[in-house]
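Heads up, the thing below is written out as structure tokens.
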Amino acid sequence: MHWYQMENKKIEEATHSDIENGLTSAESRERLRQNGPNEIADSGKRSPIMILLTQFKDFMVIVLLAATVLSGLLGEYLDAIAIILIVMLNGILGFIQERKAEKSLDALRELSAPMATVLRDKEWQTIPAKELVVGDMIKISSGDRVSADIRLIETHGLLIEESALTGESISVQKGQAPLEEEELSLGDQVNMGFMGTMVTQGNGTGIVVNTGMKTEMGKIASLIQNAETLQTPLQIRLEQLGKILIMLAVVLTVLVVGIGVLHGHGLTEMVLSGVSLAVAAIPEGLPAIVTIALALGVQKMIKRNAIVRKLPSVETLGCATVICTDKTGTLTQNKMTVTHLWAEGQTWELAQKPNDPPFLKEGHPAKLENESSLRQLLSYAVLCNDSELVEGEDNAVTEKGDPTEIALLISGQKAGFSKQGLLSNYKIIKSFPFDSTRKMMSVIIANKKGEKFVLTKGAPDVLLDRCDHILWNKQKQLIKKRHEEHVKEAILSLGNQALRTIAVAFKPLRSDNTNTEAEQLERGLTFVGVQGMIDPPRPEVKASIANCQRAGVKTVMITGDHVVTASAIARQLNLLPQDGQVMDGATLSKMTEEELIDQVDDIYVYARVAPEHKLKIVKALQKKGHIVAMTGDGVNDAPAIKAANIGIAMGNTGTDVAKEASSLILSDDNFATIEAAIEEGRNIYENIRKFIRYLLASNVGEILVMFFAMILSLPLPLLPIQILWVNLVTDGLPAMALGVDAAEDNVMRQGPRKPNEGVFARGMGWKIISRGFLIGIVTLIGFWTILHGTNDLTKAQNVAFMTLVMSQLIQVFDCRSERSIFDRNPFGNRYLVLAVLSSIVLMLGVMYIPFFEPIFHTVPLSLHDWLLIVGLSAIPTLAFSGAGLFGQKEKEKSPYTRQA
Ligand code: ATP
């Protein structure tokens with residue numbers, strides 16, 4: 001028997017489940033232990049052994065190992081063993097870096113992992129979807145991704161889009177009744193929900209019947225593994241750059257070897273030196289360090305409540321020129337409180353202190369029994385309401401539902417209207433939930449006599465168009481122009497005080513047919529009145545908007561609220577400049593794309609818009625050359641989120657669909673978090689630039705010293721083992737420490753980066769070549785001075801060895817700033833200080849521990865030698881930063897090309 005054929009009782013038996021109470025947590029733990037997590041196995045994952053082996057698969061490393069074995073056979077076995085050991089060490093270091101990179105990526109995936117609402121221990125709870133087990137009762141609603149295969153038990157207007165499984169993009173209407181047919185295709189199993197499909201409308205509950213690889217999705221998992229691209233544009237560009245660098249290193253190596261041999265050096269000696277040089281010069285660790293820098297940066301963002309779902313967006317964040325943000329809950333606190341009420345041309349204020357008389361009219365306490373329209377306004381808003389105030393055991397009240405509706409429940413409560421109380425006299429027959437395209441919600445209610453009414457609440461201006469009558473002087477009257485003007489005036493007056501407005505209307509329903517569409521039902525209504533509620537701005541947002549402005553990023557508000565309310569809040573937040581435009585949804589609908597593109601730069605607030613408008617706005621901004629960040633939470637927001645350069649979903653109020661479409665999730669729904677993410681994104685990019693600069697300048701230095709020595713017909717300034725050691729101690733740790741450097745103080749005081757900016761932009765190419773050139777020169781000078789003065793080749797090589805290391809370790813501090821080493825405290829990054837100290841200790845170790853002397857061909861150096869080394873090593877850094885002259889010149893090319 002198939003799941004879809006079973007009656008509820010049978011499903012309960014087959015899954016050992018309990019539809020009423022759910023599983024106990026002990027039982028579900030046991031099932032999870034037995035059957036494993038509800039996950040699709042990731043076939044693309046590399047095992048640690050594979051990662052380790054790939055460290056040694058580089059062509060140059062293989063050549064080096066081959067050449068080393070050869071030299072070992074020729075009798076240089078101590079050198080050979082040492083070189084092999086260093087190559088191993090290098091490999092292990094690479095392995096550790098890559099593992100770390102991979103682990104941090106895993107941690108990221110974990111963070112954006114889907115959640116499920118499940119009935120456990122008789123209570124609905126939210127748990128990670130991978131912890132679901134067969135027999136769990138789960139709840140699904142519009143915007144959710146179904147998290148396991150389920151047999152539906154209860155459905156309310158449930159539509160599920162199953163194209164991931166069936167290819168059919170039209171949503172399927174689901175129900176709960178058992179089906180009789182045998183061998184139904186997946187698309188016809190209309191009482192089942194399948195893992196990975198998407199709820200587009202309605203809601204329902206179901207029992208989990210299959211999890212993980214046993215689900216329909218699991219069965220075809222190998223077909224659908226659509227690996228998210230995790231590489232950022234920079235990483236892709238670096239990969240290309242890496243190939244060029246390898247070519248360059250090989251060409252230079254061949255040159256060095258060729259010239260060396262021509263000048264009388266032995267072939268094996270030159271080949272070994274050449275290949276060691278190539279291995280040292282190729283920045284093989286770069287991709288892993290970039291990933292680590294990205295991943296660690298992303299961890300930092302998480303601490304600031306921004307969860308990055310797609311790594312490339314880290315880079316794009318630094319390029320953002322416009323943030324389009326929702327208002328409610330993102331710019332404001334989403335803590336709604338009704339403060340004013342309007343009906344029949346009169347206004348009441350709602351007292352905010354518990355002991356004050358609740359309603360004031362013209363400053364005096366109002367008597368509710370005389371205010372019938374006020375009572376209607378309050379009680380209808382309580383009945384036409386999907387939220388609840390639930391009183392707990394200790395009289396504590398928990399609010400369940402949408403803050404806008406909660407505010408209406410509370411204002412009703414002040415007049416003694418509780419939902420429970422009203423429901424003892426009225427029955428709700430049908431409900432049409434709020435949706436931000438219709439901008440209203442309705443219920444059909446029946447009183448004890450069986451008389452039916454429609455109650456509607458929604459955006460006042462929209463609702464007014466649906467009304468032909470109004471309550472006026474306690475009577476139902478045909479709406480006349482003057483009534484309309486009164487209502488509009490009230491909306492403006494409440495809106496100007498930055499209040500969100502909700503109107504209430506009703507009509508008696510004569511027909512017994514309740515099967516009509518909302519569209520039809522919500523017509524010919526009688527307008528009752530308007531409630532106005534405050535939703536204070538989040539205190540930190542004003543400063544964030546100002547910071548963004550300074551950073552060349554424009555903030556645009558997109559809201560479903562009324563134009564006047566939206567403008568008032570935009571002004572409070574300094575988001576709307578004097579000459580800034582406010583556009584409403586109706587006007588926007590009528591505009592052509594070209595017209596919008598023309599005006600888009602002047603518009604700061606879009607009000608009374610429907611989610612569909614967001615896509616139009618994103619497209620217009622992008623056509624104007626903007627890099628757009630766009631927030632959203634609902635199913636309808638997904639297309640705009642996807643189309644934006646940085647799609648941002650709300651962590652708390654966002655649906656699965658919005659989250660999946662997004663590249664960034666705000667775990668606190670807060671606008672200030674976007675600003676933080678942009679700052680971190682910029683900083684991560686700058687840090688990557690810092691260590692690319694450091695590594696490449698160092699490598700240029702290493703190659704040039706050998707190259708110049710060969711041209712000048714000098715002996716080899718460095719032995720192969722020394723070259724490899726330099727590479728080992730200078731590359732890994734200091735570069736990683738640069739990757740986690742703190743931001744320079746000016747990151748948010750400059751315009752956004754151009755998205756197509758090359759790796760070497762803003763003078764970095766010059767910095768690499770100039771510093772690298774000088775590192776090569778000073779190393780050669782150190783070598784030559786000692787060789788010339790003492791004729792002691794070993795000592796001269798030792799001085800070159802040390803100068804090469806020291807000049808790199810000094811240069812690393814210069815890389816912290818785009819401007820000059822003196823621009824910020826060079827020792828401000830303690831990881832860097834520690835990394836450099838440990839590199840120095842390692843260097844001194846091979847120099848002064850007798851065991852290493854024969855291996856590294858080292859001899860102790862005198863104080864005089866050290867003075868020479870330190871003096872020379874400081875030159876590449878000080879020549880540019882200290883001289884001021886050049887420093888000044890370089891300053892002009894400092895970060896972020898487009899000035900704010
Ligand atoms: P923002 O985009 O700033 O988050 P929003 O998306 O919350 O705003 P909507 O939810 O679309 O905006 O609300 C638009 C209008 O619909 C509100 O100004 C209000 O008048 C009305 N409205 C909001 N919530 C409800 C509700 N639950 N019932 C009836 N009407 C509502």
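Every residue gets a Cβ built from N, Cα and C, even glycine.
As annotated in TrEMBL, transmembrane segment covers the listed stretch 270-296 rather than the other ranges in 270-296, 702-728.
For the domain 'Cation-transporting P-type ATPase N-terminal' (2-76), the model gives a mean pLDDT of 82. Here the transmembrane segment (270-296) sits against the transmembrane segment (80-96); at least 3 CB pairs are under 8 Å, leaving out pairs fewer than 6 apart in sequence.
Beyond the ends of the transmembrane segment (80-96), by six or more residues, the same chain brings 48, 51-52, 55-56, 61, 64-65, 68-69, 71-72, 272, 276, 279, 284-285, 288, 720-721, 724-725, 727-728, 732, 855-856 to within a C-beta distance below 8 angstroms of the stretch. With a threshold of 8 Å between CB atoms, the same-chain residues lying at least 6 positions outside the transmembrane segment (244-264) that come near it are 60, 270-271, 273-275, 277-278, 281-283, 696, 699, 703, 706-707, 710-711, 713, 716.
Remark: secondary structure over the domain 'Cation-transporting P-type ATPase N-terminal' (2-76) totals 44 helix, 1 strand, 30 coil, with classes taken from DSSP.
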